[in-house]
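Engineer: This is the structure I have questions about; it appears just below.
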Ligand SMILES: *Cc1c(COP(=O)(O)O)cnc(C)c1O
């Protein structure tokens, strides 16, 4: 065992050497040092604001749906560890990956039959895009190589995904002119329950028609735009996209990396619309937050198109593709989700968030409050600057909750196992954060 290091020493080394997400080097904000986690709680190595344990309102970027240190997932990891942590996937295969692929085919929308396992969400989006471009190349339409999406989206931080993130509000604005130029539609009108706006549907259709000759695919996050602004839209727009893509010969990709595995109240957000995309990405909650894993699923049409082309292979093969540990835990996580009454569980979280956030709408500085499935959002009237952001985070910590507000949003995507008392704690912390950001 290595010599123990004091929290102060660790944080000092962290500041000097460790690059954190979306931050400068060295970092300006001191991260919280987590010593361990179990259930829905993060245990800190030393108390911060007098608080030693935080209820995790973020589920580790929306992935830890069953909470931490879950006995079933721990057991699956230990069991697989005893067999093999990893073997290469080229020329070799193994039961956890085969089981996982079959299970994903079974539970995702009808018609998705083939599974490419990737090592992160962004890579699965790269693969999805490569599939679409290669499909058209293979069937003799190489000019179809652009993508269309609507504004306000987020699809990851590698190159192709960045090109379909929101071009203005997104984090990748400085790369305009360097990234591939994609086609952007307006943001879909807000509201999960709202009737689809006929004018907007027509504008989508017209844009797809106008660019049909050069479009390989339309790619969107179905029902919820997540890191682009935590906005909900009508499933009707997904049906409209399906119809327009079919009419004009364009593939449709759903990025379900954030919405998959029950987060919006349906197992997959596509299920709200009853639509099957040509390609679908899953990730984040796939392993219950234990290990990094994602997948791009596609229809036989896409797979056959590629496999009968001039270069009849999909030239992609991450070193850790189909990792046995990750796929074994993913199997356990999906089985755990489906063996319980997950719909009632997510509805309970939804009800708790609605109740707890109801009064937020009355707070000064709050523009709107919205809840869908296990997603709760307070949108402020103006974006948080660094000082107000820090004040909001501190207020949440003092309430015993880990939140990570961004832009004008104070939101939660908690583990589904969060009990009613902890949900109340999370919503109270969101109110406190909103309040603190105004003072
Ligand atoms: C998080 C996310 C990604 C990127 O996944 P990584 O695993 O972080 O690479 C892509 N699309 C959506 C919708 C996401 O929420």
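Just so you know, glycine gets a Cβ as well, placed from its N, Cα and C.
Keep in mind that this is a model prediction, so the values were computed, not measured.
Below are the features I grabbed from TrEMBL:
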type	residues	note
BINDING	61, 154, 284, 317, 404	substrate binding site
BINDING	121, 122, 255, 318, 319	pyridoxal 5'-phosphate binding site
MOD_RES	284	N6-(pyridoxal phosphate)lysine
Engineer: What number of additional C-beta atoms lies within 10 angstroms of the C-beta atom of residue 121 (pyridoxal 5'-phosphate binding site)?
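Structural biologist: If we count other Cβ atoms within 10 Å of residue 121 (pyridoxal 5'-phosphate binding site), we arrive at 28.
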Engineer: Have a look at the binding-site residues (284, 404) and report the one with the fewest Cβ neighbours inside 10 Å.
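Structural biologist: Looking at the binding-site residues 284, 404, the Cβ with the fewest others within 10 Å is that of 404.
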Engineer: Among 121, 122, 255, 318, 319, the annotated pyridoxal 5'-phosphate contacts, find the widest CA pair distance and round it to a whole Å.
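Structural biologist: Across 121, 122, 255, 318, 319, the two farthest Cα atoms sit 23 Å apart.
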Engineer: Mind telling me which of the binding-site residues 122, 319 has the densest Cβ neighbourhood, counting other Cβ atoms within 10 Å?
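Structural biologist: When each Cβ's neighbours within 10 Å are tallied, 122 tops the list.
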Engineer: May I ask which of the binding-site residues 317, 318, 404 have a CB within less than 6 Å of any atom of ligand 1, listed in sequence order?
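Structural biologist: Near ligand 1: none of them.
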Engineer: Calculate the distance in Å between the alpha carbons (Cα) of residue 255 (pyridoxal 5'-phosphate binding site) and residue 404 (substrate binding site), and round it to a whole number.
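Structural biologist: Spelling it out, the Cα of residue 255 (pyridoxal 5'-phosphate binding site) and the Cα of residue 404 (substrate binding site) are 22 Å apart.
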Engineer: Got a sec? Which of these binding-site residues, 61, 154, has the most Cβ atoms within 10 Å?
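Structural biologist: Output for this query is 154.
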Engineer: Taking the residues the record says bind substrate (61, 154, 284, 317, 404), how far apart in Å are the two Cα atoms that sit farthest from each other?
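Structural biologist: Between the most distant Cα atoms of the substrate site, 34 Å.
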Engineer: Going by a 10 angstroms cut-off between Cβ atoms, which of the binding-site residues 317, 318 has the sparsest surroundings?
Structural biologist: 317
